[in-house]
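For reference, TrEMBL has these:
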TRANSMEM  54-72  transmembrane segment
DOMAIN    84-426  domain 'Ammonium transporter AmtB-like'
TRANSMEM  92-110  transmembrane segment
TRANSMEM  117-137  transmembrane segment
TRANSMEM  149-168  transmembrane segment
TRANSMEM  175-193  transmembrane segment
TRANSMEM  205-223  transmembrane segment
TRANSMEM  243-259  transmembrane segment
TRANSMEM  279-299  transmembrane segment
TRANSMEM  362-384  transmembrane segment
TRANSMEM  396-426  transmembrane segment
Amino acid sequence: MTEMFSDRQICIGVQQLIKSRAGCAHFQTVVESEPIQKPPPMAPRYAPSLRSRLGPLLLFLLSGFIISAFYFEIRDEAIPRDKYAEFQDVNVMVVLGFGFLCTFLVRHGFSSSGFNLFVATIATQWALILMGIESWYDKRRILVDLRSILVAEMSAASALISLGAVLGKVNPVQLILLALLEVPAFILNEWVLLSLLKVRPQNNIMLLHIFGAFFGLTLTWILHRKGSQQGFEKEKFDKKSGLFSMLGSLFLWMFWPTFNSVLVDDRFPERKLEAVCSTYLALAVSAVTAASVSVLSSARGKLNLIQMQSCILAGGVAVGASMTAVHQPWEAMAIGFTAAVLSTTGFKYLKSHMLLAFDCHDTAATLSTHGLPGLLGWFAHLILEIKNCDDHTVAIRFAVFHICTLLVTITISLTTGALTGFLLSLNFWRPPQNRKCFDDQAFWEFPHLAVRK
């Protein structure tokens, strides 16, 4: 059979066979020399269980609160007729207003409302104990009345504001720790301002918007997650979630005049009426302005519900921070207009730029809703007090003390927020994975989604 081929053809065939075998050997050598790459580990299907952390922590806190209640004493005094109504208004704001405000996330409605209640109740009880330390030291009793509960709830509101910045990215254990650490920080800030700078208690408590906003921003900056610049998969909203969120905004909008006027001395009813009217006028102007700016900033000329439901409250925040200096209706309306423009514009552009520039993911736009209007109210307070003061020496002295008030507040909020952030960043608390952020199924039971055996 070999006679059918010439010697040249046989030589060519042998050379090709040798080359093919050499190529196979080289390929085998290269494959053996390269390390085998393992496929990347798959993310766990379920979020880490909090059974060993959440339950014991809640029981421990509850036991501590009950033991502390043995030292509580309800103060027996004549309660003004309208005081309980004011208490109801503030309670509705804290529980329903803030609870529904953050339900705009499609798959995070249970957590937004439920965790808000957890944080509010724990922070209020903790604030009552901390504010009663001085009374306990003198009388071995912690005096409790409607006013002290109101102040405790307003202190808890600072923690609820910070909650909006980290909403959807932390678990309930981390939120409880946030409340336990921020409330003492806020009360410390009040004590420093009252003791060293002699700031009025009403002006102290109204700095909660600035304090809570900067505390939350520091916290979410430290808890930044890799890959969040592209956004989270489940951070979305729809018509139904937007409607519930708007309901929370309406609760806040309706009862905000009480929130700003509840700490005004009852012996001066004209000042309380002035605070209520000024807050309402500022809220009304900010609602109209927020709608106008929302349309103008939209490429299609349409209203943005999520943008409006936060920005219509800007007037109430700003006037609350400058309440003791606002005496004319036009002043309140001008503050409400400026606050709405600042808040709406910040919501549109500032949130995304902060994420890209500083890796700061602000879920509920806390800076635009509370931080910027609060700073505007502080600045308006400074300008109005200087305008109404005839003595230049007194005006300069007030300006120095007012600037120190802001610097102290921001310093304490940033410092305590950073310490809290480093503590919450520990893996011991089992934070949810990126794919489980903004998802109720990580923490709540859904019977209709259970697997049938």
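From the backbone N, Cα and C atoms, a Cβ is placed for every residue, glycine too.
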Taken over the domain 'Ammonium transporter AmtB-like' (84-426), the predicted model's pLDDT averages 91
Under 8 Å Cβ-Cβ from the transmembrane segment (279-299), and at least six residues away from its ends along the same chain, one finds 253, 256-257, 259-261, 307-308, 311-316, 318-320, 323, 329, 332-333, 335-337, 339-341, 343-345, 348
For the transmembrane segment (175-193), the candidate among 117-137, 149-168, 396-426 having the most Cβ pairs under 8 Å is 396-426
Counting only residues 6+ away from its ends, which parts of the chain sit with a Cβ under 8 Å from the transmembrane segment (362-384)? 101-102, 105, 161-162, 164-169, 203, 206-207, 209-210, 212-214, 216-217, 220, 235, 310-311, 313-315, 317-322, 324-326, 331, 335, 338-339, 342-344, 346-347, 350-351, 354-355, 398-399, 402-403, 405-406
Below 8 angstroms Cβ to Cβ, which residues of this chain, lying six or more residues outside the transmembrane segment (149-168), approach it? 86-87, 90-91, 93-94, 98, 101-102, 105, 108, 111-112, 115-116, 119-120, 123-125, 127-128, 131, 174-175, 178-179, 182-183, 186-187, 190, 205, 208-209, 211-213, 215-217, 219-220, 223, 232, 235, 259, 262-263, 362-366, 369-370, 417, 437-438
